[in-house]
């Protein structure tokens, strides 16, 4: 049996992208300048304060479509319970590793020692606090044991000739999977608005920490590709257009 | 600890619907008759052979939009590995039971004795054959044991005050969940075309048996609501418009 | 030639619906109560203050999916320039009268005498003021004449045996068309947030008056079907979840 | 008044793209190889016969999602009656020139002399034949006259200080507009399957010639970017996955 591996992180890598603030500007200017925009688009162009103003205006007035003419493909590794939440976002393209087509590798998520473990507050406004040392140890021990037992059961079924799609059903939600996900900036802003924490906002959100870890890494990448758009998103309270 | 339950089925119940063949007909006739259709729509109307012809024509020429002006809400109970595939279909609305907001009940899927267990053939054309008695017993034993061990770990963490969203990560993919799913006939046909078996077709599909069980039950309901549309779908090789 | 008709209104009629606040509540409670919700859903149920609180919470925290399990089909008559804007909303189903399949009727939109005609202010914050009597008369005269000339050209081409799909290209954007449009409450809220005027809001919008007339009529109908949802939408600044 | 221009063509220019057959292959291989695919994706890679086989298999079994991880942005100039059909395709991103934000230029579509003008056959199976010389001349004359009259009315209203959004309502459907449109290969295949002629097919389609002219130009571009995907689409009867 392959050796079982435990991790506490998620990884996000940019595979390919065609995304820049100037794509937003050119798309927006089709509305106002029509056929003159193409030439400008092909000439290349540096952002000016007028550009910043236009992007801020689009964000504030919720003109969302100019933020769609771009594309970012990420390769994400995370436990299945994160992917379950991720794939509820329908304005993205997904291809995930399949337990029907391949034997899954024994890599499991275990919360890191600084992951908050205790939930307080009422539904819709939960807060999470650090666990005691006993709780932290318990979570680690139970997670390691349950993952190991499940993987051994999976392996015994495979060894006996049982189909992968059947054997996998005993695997737990903390097993890692990987996927290609492609989004545009508008759909990414929607994702970020819901999957990063916004306490005290007019429209608060309370994501599970592990999907927020993915969201933060995607945001870091996106911010370098489209700094003006990111800045406008931030300044308008992180409400997606 | 609550008693652990094992099941081998999925359930599909129609919660609410506004779906009939006449909705398709009226929507299609807006194209050709404009304002005269509304009165007819409100009068009620029995399907005629001319209606059947129109629906067949829409299906054949892939005029899909008339099949969208209707709605069916189902309540589905199935294991999580089924929901994982289900929610890849983006043209539907979902609300699923949440392991963050409630303690999950110990109900687990175990393959029935007549579930095929052995996979043969090459990728893209897998076939599944019955397991030996030994394989069948092994699958049952491993599934029962792994589910029980996982649920006990979950319970111990909850008992120690660990947050539900953390404790649940050890639960396996065969635990049952439930959801509301709302679709229209066009999106349902797309789902059925991909999640029911079509061997030997020009566009074959090879769904995992458990999601096909859901699809079959949904199709049974839909067929009684929209018989002419179902008949046309069937006669055109089950390719969605 | 048929007599030419001029109108200054739009019409919106509810053809069919399956939409109530209780659908929102049941969908939301699947998350927290799982299998216990179905029975309640089938029993029927009157909204309570606890229900109002739940709907407000969903709206505030932008839990949008519970607002999707419902359906409203409208029959809309409006000029083509309104439908051009309408159909940019992609989360709806459309079937429109086709100028390829039928001869179009000579019904044209002409602005009413109280339609504001003069635009002031800068891009992104236009305001509209009443026209002078001369402007009002000019708009009416030009619109009537141009519509009549265009329809006569259309008619002469049809009379000469030219295909409808070719002859129609000379018809103006103010000719009326009709369509079936099906939406759910979430997609309707998105439409309303963008197509009704919200000056002075954090996220202002400046729709053209004629599509706003459609939006207002749809909102009137929706408000009677889902009063609690409408109230929550209103109280949260008309930002769609 | 600016000089009125008449054209009989449409233009399609590729503004930006991130689209290649290898994107399809890597996305598909995530399913079967998981984490090993990323390295290969970043190494670059030439298509082999094994690659061709995989793409054909994906197309045949309607595994559509691997065809979504790419992006093409086109700048299209065409008359409004073409854009009306185009924007019914909801799986694309659009930004069109706005008659509210700018004064429209007097460029109008007039059918070329070899455009078929006479429709024969029954609904759902129309065929189009050449017009007589008289019909051809009539179409040209009526189109030129109606376009000119409409644009003059538009201009008179603007000159009198009427808002652009009001004055434009008299403009005809054959006036040119321009847009940015962004699609991925899957959504483009869907568009092509419905907007290029497929007589005698199991699923025939009968698009209006002018949108087919757009579709053909988009297909030419796409074919050079993703030759294996195009070949597979073609060989499977042009039914989109």
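Keep in mind that glycine also has a Cβ here, set from the backbone N, Cα and C atoms.
All annotation found in TrEMBL is predicted automatically rather than curated by experts.
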Listed co-binder of FAD (same site as B:88, B:89, B:90, B:96, B:184, B:185, B:186, B:190, source TrEMBL) among B:49, B:65, B:112, B:147: B:65
Which of B:140, B:195, B:198 belongs with B:85, B:86, B:87, B:88, B:96, B:97, B:98, B:99, B:100, B:168 in the dUMP site listed by TrEMBL: B:195
Local Cβ density at residue B:195 (active site, involved in ionization of N3 of dUMP, leading to its activation) - other Cβ atoms counted within 10 Å: 22
Tertiary neighbours of residue B:89 (FAD binding site) (same chain, Cβ under 8 Å, six or more apart): B:187, B:190, B:191
Shortest C-alpha distance to residue B:195 (active site, involved in ionization of N3 of dUMP, leading to its activation) - which of the binding-site residues B:65, B:87, B:96, B:98: B:87
Of the binding-site residues listed as B:85, B:87, B:98, B:100, the one whose CA lies nearest the CA of residue B:185 (FAD binding site): B:87
Chain C contacts among the binding-site residues B:96, B:98, B:185 (Cβ under 8 Å): B:96, B:98
For residue B:96 (FAD binding site), the three-state class that DSSP assigns: strand
Which of B:65, B:98, B:190, all binding-site residues, has a Cβ with the fewest other Cβ atoms inside 10 Å: B:98
Recorded positions, contacting chain A; criterion Cβ under 8 Å; candidates B:85, B:87, B:89, B:100, B:190, B:195: B:87, B:100
Of B:87, B:185 (the binding-site residues), the residue whose Cβ has the fewest other Cβ atoms within 10 Å: B:87
